[in-house]
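In what follows, a single structure is set out as structure tokens and then discussed.
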Amino acid sequence: MHERYVPADVEAAAQGDWRAADAYKTKEDSQKPKFYCVSMLPYPSGKLHMGHVRNYTINDVMYRYLRMNGYNTLMPMGWDAFGMPAENAAMANGVPPAKWTYDNIDYMKGQMQSMGLAIDWSREIATCKPDYYKWNQWLFLKMLEKGIAYKKTGTVNWDPVDQTVLANEQVIDGRGWRSGALVEKREIPMYYLRITQYADELLNDLDGLGWPERVKIMQQNWIGKSFGVNFGFPYELDGEQKLLRVFTTRADTIMGVTFCAIAAEHPLATRLAQDKPELLAFIEECKRGGVAEADVATMEKKGVATGFSVKHPLTGEPVEVWIGNYVLMSYGEGAVMGVPGHDERDFAFAKKYDLPIRQVIASEGQTYSLDAWQEWYGDKETAVCVNSGKYDGLRYAEAVDAVAADLKAGGFGDKQVTWRLRDWGVSRQRYWGTPIPIIHCPSCGDVPVPEQDLPVVLPEDLVPDGSGNPLAKSEAFLNCTCPKCGAAAKRETDTMDTFVDSSWYFSRYTAPDAETMVDARTDYWMPMDQYIGGIEHAILHLLYSRFWTKVMRDLGLVKFGEPAKNLLTQGMVLNETYYREDAAGKKTWYNPLDVTVTHDDKGRPVGATLNADGQPVVLGGIEKMSKSKNNGVDPQLLIDQYGADTARLFTMFAAPPEQQLEWSGAGVEGASRFLRRVWSFGYGNREALAARAGFDAATLGDADKALRREIYSVLKQADFDYQRLQYNTVVSAAMKMLNAIDGAKGATPAVLRETYGVLLRVLYPVVPHVTFELWKTLGYADEFGALLDAPWPKVDEAALEQAEIELVLQVNGKVRGALKVAKDASRDAIEAAAVADEAFAKFSDGKPAKKIVVVPGRLVNIVV
């Protein structure tokens, strides 16, 4: 054993032992309770960041603690390897996305291995490998058979210069991110999955999940179950009687309708624009810019009057129809009723275009004014109908019922439940993704690829150039024969949304070598007992994976309907930021390692200079580590300097897992110093610790009893904290243990060995390398087996027993000392000891005790 703790040597030795023993390869075992813990698989971007380190360490700590407690634990890893960043990198570097992706996987896998993670690498998957995405294609075809997958036209962002479809995030201020061209909206055929068919189940099943309430609320809002009324405004056009249908949750305000707005893509807008160039021009303008709902919510609301009116279904009054750029064809009916008196967006629109505003609800004590919008105008809790004829005086629920009944009686509509959730469009006009297994035949139309011909393999040697999908130019991929008639045909060149890849990978981990999508092993491991990932995945990934799981269940592939019982959303890792701003307002950000900070006498930062030139930089505050703010810390540099155990210890100690973690160089140094103390104690007491002498607890001296009492008392709390995932206080407990052991005077070697062994096991899940080596070197492995599977230490309840207890001694309510009495001392004995104590004699001024108050186990107060 070396005197000095050298992390690189210790970690290399431990990892060598683990590799030799294939320590983390896991099999099903019906004799043990199972625990399946999964970190959301990473995108292979090139390097791990500190957020990865924190996530995977949390998972690893959980794995190791539960394995020591007798669980059959599994921690797999894979790569979410398809996606747009690989295409962008390919264009920038002139290499195929496949090469960029596989190179990154190799590097990041090496980084993970250097962290000492308990990953079963035999289960590794990469979603860009044909043996994985074959099953994306297979399940897609099954969903097509069941009508869950279907094809319809959808609106996309089109870059007219690059001749390609853009994702919403590639549209910046209405322009293509590469070309700078004004983006257009285009309608193209795409495949969708009927997630709306599962809306009720997705909503209701949230109640049974051990997920953060915040995440469940986000999903509830995204699913967006609404109770309202679907009805139509009648009109006549081209000799036909029709209804302009809308949905509203505020039917109580129907008498306040002064206009209707329709989407630019609405069939009525198309018809009305046939002979009106100004309408056609506005429709074309609406087609430029992004199609994201968020873009629509923040952009300037514009409209144009069509000169056409529909009729109010209850009054028969004409209602003017406008085309509005804020109305989305993909939501609701593509039309909305305009109630400017009681909807903030409609109010602003009406003020802009001088449309009538009508008050039809009122709240007691409030005065309505057209001058400016007030929050209560949209209130439905306390409001009653006014200026609404027969509905006057009705409150919200009563008014909705009455209006719905009248609309139904008139044949215009009825109550309806609607959902904010929309079917999942899975077609992407991109190369680096799962090919959609469809063949286009001139005679047979769209033909599914036969199951025996799966997978449709994506060529990995193409290099995107930004001008359209490379698959459309690859004759080898594109040309095929129709499986129905044998004629020459073309393959579908769209690929699947990468959220498909991440919707079921955790099930494939359980049976990575299966010749079917999943097998019986999947029902052994799934659902995940613990899923770990960032809050940014609260909606799309987690919702899609829940939907995908339910589809797999309904197809008879699995027996469970939810992918994860419990979810932990770890907090972000934050760091200081520093920048300079030029005359044009552009900020240049500097890494904290390149900056020297000055502090005041209270340790608060008051200034900073750039090391390169000694000139000032601005303190930007603490923000999430990111490339854009250049405030990241390279985990590899940290591991190279301090070792993986120090990185792990700091990330677990600095904050509870679910809270934000503020980076601290001093905190990292403190973690390293603590591990050196653990090692130093082991080295300095190696002979005493290695001696396997037993002891009789009943005959131990006071020093031994006190040490055991302290260690087992702290162990009790540490065990509880492990169970509730409060790993920061587990580390605090270990620090208390080391202080107690290191400071124990007169403790025997046997008790030191026992208590130090407890410390090593408590620390092991957090810092596995140093504890593993100390455990082996000091002979614990010979007695208990390798630390990987050593039994978790049990609290010796007898050691917690005390013959004497200490009570606070007060005189007239003020603390004057401490009183030691027998644990089972009677009240009379406690009172006698109190008045006999020196503290009473000193602070009672010779006065006798009038009253003695005894609070059992806590204090004695003598009143004089």
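Every residue gets a Cβ built from N, Cα and C, even glycine.
Residue ranges 224-228, 284-288, 624-628, 629-633 are listed, and Swiss-Prot annotates 624-628 among them as motif ''KMSKS' region'. Assigned with DSSP, the residues of the motif ''HIGH' region' (42-52) fall into helix, strand and coil as follows: 3 helix, 0 strand, 8 coil.
In this chain, none of the residues that are 6 or more apart from Lys627 (ATP binding site) has a CB less than 8 Å from its CB. DSSP assignment over the motif ''KMSKS' region' (624-628) gives 0 helix, 1 strand, 4 coil.
If you take every residue in the motif ''KMSKS' region' (624-628) and average the pLDDT, you get 90.
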